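> According to TrEMBL, the record shows the following:
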type     : residues              : note
BINDING  : 27, 95                : substrate binding site
BINDING  : 27, 42, 102, 121, 122 : ATP binding site
TRANSMEM : 57-76                 : transmembrane segment
TRANSMEM : 82-105                : transmembrane segment
ACT_SITE : 95                    : active site, proton acceptor
BINDING  : 102                   : divalent metal cation binding site
TRANSMEM : 126-148               : transmembrane segment
Ligand SMILES: Nc1ncnc2c1ncn2[C@@H]1O[C@H](COP(=O)(O)OP(=O)(O)OP(=O)(O)O)[C@@H](O)[C@H]1O
């Protein structure tokens, strides 16, 4: 674990920053979404980036659509379909956060090795894995009875 450096200059910087975050001003990033349509535009850019650059994201989108279509075809009750959609979205949201964490880690450390970078990336990837396993189990519990019924078993 790295202990933060609390030398005088850093303490001043932190105090300066703390004074700012309590004010009702927007934070100072390179560009700020000026209105709601711009916010949607940037969010869809993020979606597009994740879809084009992350193979796992594309796989999860494909599986999500297939499972949803199967649920509709099997005439699942609306509550079951809602649970399926929520579960699929949870996996996709974690994939997006995983991609975001990877980008931030790469931004901070670049191509150098750091054990904390490894922990950040591994744990972000593990969160997707845990959610995917639970989504698989939920899909199985909701779909299997209807599939067996359809097959006359
Ligand atoms: N800077 C780093 N320092 C230490 N280990 C790293 C670093 N960058 C990547 N790794 C290790 O390599 C693994 C793969 O990193 P990478 O950035 O390629 O993620 P990824 O394979 O794209 O992940 P995902 O499959 O979830 O999209 C990480 O999980 C981590 O264990």
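Residue numbering: from 1, along the chain as shown.
Note that Cβ sites are derived from N, Cα and C of the backbone, with glycine treated the same way.
In the displayed structure, how are the listed features positioned relative to their neighbours?
Listed in sequence order, 50, 54, 56, 57, 60, 128 are the same-chain residues six or more apart from residue 95 (substrate binding site) with CB atoms under 8 A from its CB.
For the recorded site, residue 102 (ATP binding site), the DSSP three-state label reads helix.
The Cβ of residue 102 (ATP binding site) has 17 other Cβ atoms within 10 Å, all protein chains considered.
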> Do any of the binding-site residues 42, 95, 102, 121, 122 touch ligand 1, in the sense that the CB is under 6 Å from one of its atoms?
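Listed by sequence, the hits are 102, 121, 122.
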> Using other CB atoms within 10 angstroms as the count, which residue among the binding-site residues 121, 122 scores least?
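Output over binding-site residues 121, 122: least Cβ neighbours within 10 Å is 122.
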> Can you name the far-off residues of the same chain, 6+ from the ends of the transmembrane segment (82-105), with a Cβ under 8 Å from a Cβ of it?
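Sequence-remote neighbours of the transmembrane segment (82-105) are 46-47, 49-50, 53-54, 56-57, 60-61, 63-64, 67-68, 71, 76, 117, 120-121, 124-125, 127-128, 131-132, 134-135, 138-139, 142.
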